[in-house]
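Since the structure comes first, as structure tokens, the remarks are kept for the end.
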Amino acid sequence: MDKPIVAIVGRPNVGKSTFFNQIVGKRISIVDDQPGVTRDRIYADAEWLNRKFTLVDTGGLDTESDDELLVHIRRQVEIAIDTADVIIFLVDGQVGVTPADLQIANFLRKTRKPVVLAVNKIDNYEDESMVLEFYSLGLGEPIGISSIHKRGIGDLLDRVVKHLPDKEVEEEEDQIIKIAVVGRPNVGKSSLVNRILGEERVIVSDIPGTTRDAIDTLFEMEGKEYVIIDTAGIRRKSRINEALERYSVLRALAAIRRCDVALIMLDATQPVAEQDAKIAGLVHDEGKASVIVVNKWDLVEKDTYTMEEYKNRILQRLGFIAYAPMVFISAKTGQRVHRVLELVDEVYSRYTMRVSTGVLNDCISDAVAVAAPPSEKGRMLKIYYATQVSVKPPTFVLFVNDPELMHDSYQRYLENYLRKTFGLTGTPIRLLVRQRS
Ligand code: GDP
Ligand code: GDP
């Protein structure tokens, strides 16, 4: 199930991270009286009235001049509009409406995404009248809350949840393979998208400030339909902050959530960075199929060993996703770009593979015969029965005598065994261990 994304926007110091922490329940981002304290966690899963969603804090930038603040705010709102299903606009009731609030409101009025206006720091009932002036932002009824005192948060979340999209709607598109192209800025995402689409619909340019509206691009190849997700987001080159890690990770998350296959792009001329690992980690954790695309291969001086060496070097950092096939391309010359789509088809077929229960149980018996399950205090793990419960990614349930006896290492062994037997390249596998009742 893809979880919807709820983004919090607002100028610095209105209480975004305090609010974020209250909802998420743990102090995971740093709150400080100083504006612009660096925060680590930028998104977290939350739940209200049985609706799960991911809450994203788009703030968190170092102190800036007023000019920079405006640019940053614009960027923050753009990101929220591109990535979120619902936007919470947080303002400060004690300070009142500021020019920056008006700016944000102007940007937000242009989107069709639902916006919930929350007036923070309404710490008690007497303060409620301070909410009224925020009607002037033209975003509907403001709701007074206090993040510190957990006041009004429930009412606010009721409103947010009402706007969350129904999950049923997307079914009809199911035949179409959805592709997300993810990676750090400048690895060549828009160049690749451009190549794939084979026309200049995608703008690649070093000129800053080219903007377009966000749309997914549908295309057809050899009778099959594909969608490239959020190419506008990829296309949009902003003057500033494009390189900000927070934004590229958020952008990647939103695209990954909606995709079947993620093309994880790396730049062959650069070492694998923390940010690459973060993005690849998201793809893996979200349970999506993937292909590692090493771009700018035209710039690399090659000898016979180079590709192998590269592979090994990359896997040192991205070992957790070693199941993803790797392809070395040049978006610039077009070298092996056709291979990228072949690999998309291949990993998609594994991602949606169904294994019959009989064959699956034969495989598990083989695995158990090759390496005996672990035992503890004289009790041995017994696997009675296995069955596949879903695809995207392939998910299997193992019914056992006692789930406690399943160790991580043995579970990994079984996963690898399944992967090898069924040729499950490019897709994560989920193994759920249940006690037989
Ligand atoms: P951010 O920059 O928007 O993420 O804001 P922070 O969450 O860092 O909060 C800025 C300041 O406002 C901190 O000193 C918080 O303690 C304070 N603050 C946050 N929420 C409330 C609230 O509901 N009431 C009051 N009185 N202060 C708050
Ligand atoms: P994005 O930020 O990931 O979308 O990256 P772009 O597609 O905008 O590319 C960033 C820069 O790298 C541009 O100047 C491209 O022309 C250049 N570039 C992209 N792909 C290649 C490639 O395969 N080879 C070379 N030499 N340059 C490339």
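A Cβ is built for glycine as well, from the same backbone N, Cα and C atoms used for every other residue.
Among the features that TrEMBL reports, domain 'EngA-type G' is placed at 4-168, 177-352. Annotation comment: TrEMBL describes 10-17, 57-61, 120-123 as GTP 1 binding site. Sequence annotations record features per position, and here TrEMBL assigns GTP 2 binding site to 183-190, 230-234, 295-298.
Ligand 1 lies under 6 Å from the Cβ of Asn13, Lys16, out of the binding-site residues Asn13, Lys16, Thr58, Ile122, Gly183. Cα spacing between Lys16 (GTP 1 binding site) and Gly183 (GTP 2 binding site): 27 Å, rounded to the nearest whole number. A Cβ distance below 6 Å to any atom of ligand 2 is met, among the binding-site residues Asn13, Asn186, Lys189, by Asn186, Lys189. Of the recorded residues, Ile122 (GTP 1 binding site) and Gly183 (GTP 2 binding site) place their C-alpha atoms 41 Å from one another. Taking the Cβ of Asn186 (GTP 2 binding site) as centre and 10 Å as the limit, one finds 16 other Cβ atoms among all the protein chains shown. Of the recorded residues, Lys189 (GTP 2 binding site) and Thr58 (GTP 1 binding site) place their C-alpha atoms 23 Å from one another. In this structure the C-alpha atoms belonging to Thr58 (GTP 1 binding site) and Trp297 (GTP 2 binding site) are separated by 34 Å. Summarising the environment of Trp297 (GTP 2 binding site), the number of other Cβ atoms within 10 Å of its Cβ, over all protein chains shown, is 22. Across the residues of the domain 'EngA-type G' (177-352), the predicted structure has a mean pLDDT of 82.
Least packed by the Cβ count within 10 Å, out of the binding-site residues Lys16, Lys189, is Lys16. Candidate binding-site residues: Asn13, Thr58. Fewest other C-beta atoms within 10 angstroms, Asn13. For Gly183 (GTP 2 binding site), the same-chain residues lying six or more positions away in sequence with a CB closer than 8 A to its CB are Lys189, Ala252, Ile264, Met265, Leu266, Asp267, Asp276, Ile279. Here Asn13 (GTP 1 binding site) is positioned 32 angstrom away from Asn186 (GTP 2 binding site), judged by their C-alpha atoms.
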